[in-house]
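What TrEMBL records for this protein:
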type	residues	note
BINDING	D14, H202, H204, N239	Mn(2+) binding site
DOMAIN	5-268	domain 'Pyruvate carboxyltransferase'
REGION	394-513	region 'Regulatory domain'
Amino acid sequence: MSDKLIIFDTTLRDGEQSPGASMTKEEKLRIARQLERLRVDVIEAGFAASSNGDFEAVKAIADTIKDSTVCSLARANDRDIARAAEALRGAQRARIHTFIATSPLHMEKKLRMTPDQVYEQARLAVRFARNLCPDVEFSPEDGYRSEIDFLCRVLEAVIDEGATTINIPDTVGYAVPELYGNFIRTLREKIPNSDKAVWSVHCHNDLGMAVANSLAGVKIGGARQVECTINGLGERAGNCALEEVVMAVKTRRDYFGLEVGIDTTQIVPASRLVSQTTGFVVQPNKAVVGANAFAHASGIHQDGVLKARDTYEIMRAEDVGWSTNKIVLGKLSGRNAFKQRLQELGIVMESESELNAAFAKFKELADRKAEIFDEDIIALVGDESVTPEKERYALVSLSQHSETGERPHARVVFTIDGKEHVGEADGNGPVDASIKAIESHVQSGAELLLYSVNAITSGSTESQGEVTIRLQHGGRVVNGVGADPDIVVASAKAYLSALTKLHSQVERVAAQG
Ligand code: KIV
Ligand code: ZN
């Protein structure tokens, strides 16, 4: 059996299914470039048949990425599969990932299909996909809760039809490590042609065991592909976290005996990019990528680490990319230096005018903040005023007055489809007054689900504040992110960005719908 563990990243597909995490094509491309730098083996770029937007994003990623295989999800029907193949046409290496549910509950209640119908549809789907692409993955959705004999029958048939990877999803996060590992091993032992495919694990984190289950699938079950997302992003409690699984296999090579091709120094930059793009903040005590993951607060620990770092450290912070947080630019940096840093960060400006707008924003920021970090640049290019033509709602200016004992008042000037509007309101605090000022005019009817502020770079009150606002309206949930050294301005930007997303027409078919 191979000793290489394939890392399959699904941040842009399963991760993006998380309510509020939806990304634009440009954002997805930026993340795909970072995943390529991270050297993931497979990037699941989206679900091409779910919407025109997803199709375009998968196509753009397939046309751009050279070093990783680019994959699209497709339900087990000819239309979805043909659409995936079309989106992937420009890829150096492409994979079609087709799936259908196989658990009694999903077949009866969701699909309203008999097991024989599901068996036939799975077989035909893989046959059709193999005619379009040599690399085909098949997933029995809710596989872990499926009856083992039926699952064996389906999987044997799809391997016969040419499926090259068999992925066993724990779709609802119900598995426990030992049982999941044994489940994969039993399948591989019972299915006569199991050695013709690579076995893969795909675990959700509802009981907090996604990483442990995935590792058990590898160690006990013999799987050689792990499906995972940056920061464990994903619906509900998320997916298996890439950074944890990779560092576990690397750090405990003595136990797992496997190789991964990941450039671990790109882990923290990838984590930051995903969190800044989606507004899903990483908890400080999160393994590997949390702000405290390498911080030793207790005197005993600090003393030990200073004497010999392996007294309390099993990984080196710089090996996962913590040292990349360097001052890159300042007030005197020119347009070329700025452009070069954007290129190094994998950020491509679509036009000269977009580059000029971003550079003007950079100069404005450098006047107010002496040290500009990579995170500041990533936040800056995500700013709606850099790409005003793409944003329905954009901030022009904000003034507010607050004083101890007084009710704060805010006046916000903003554009809707390029036309200027002014809103004014009082509020409990300056942030509340600013949001009410926008709402006095927009009257969106949206419900605020989340408001959070984070310092983009740690250790200084000079840092930009990054605000995430989650809104819900008409069954949709969106996240808006805004950054500025002034957190009231950052809040207004985040609110306007959320309104833009709320009012953009996204018609998408849910993968598991
Ligand atoms: O969790 C799941 O079952 C999935 C499949 C579509 C692979 O994401
Ligand atoms: Zn999933």
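Quick reminder: no glycine exception, Cβ is built from N, Cα and C everywhere.
Automated prediction, rather than curation, is the source of TrEMBL annotations.
Within 10 Å of the C-beta atom of H202 (Mn(2+) binding site) sit 28 other C-beta atoms, taking all shown protein chains into account. A simple way to gauge crowding: the CB of N239 (Mn(2+) binding site) has 30 other CB atoms within 10 angstroms, across all the protein chains here. According to DSSP, the secondary structure content of the region 'Regulatory domain' (394-513) in residues is 29 helix, 51 strand, 40 coil. There are 25 other CB atoms within 10 A of the CB of H204 (Mn(2+) binding site), with all protein chains counted. In the three-state DSSP classification, D14 (Mn(2+) binding site) falls within coil. For D14 (Mn(2+) binding site), other Cβ atoms within 10 Å of its Cβ number 26. Model confidence over the domain 'Pyruvate carboxyltransferase' (5-268) stands at 97, taken as the mean pLDDT rounded to a whole number.
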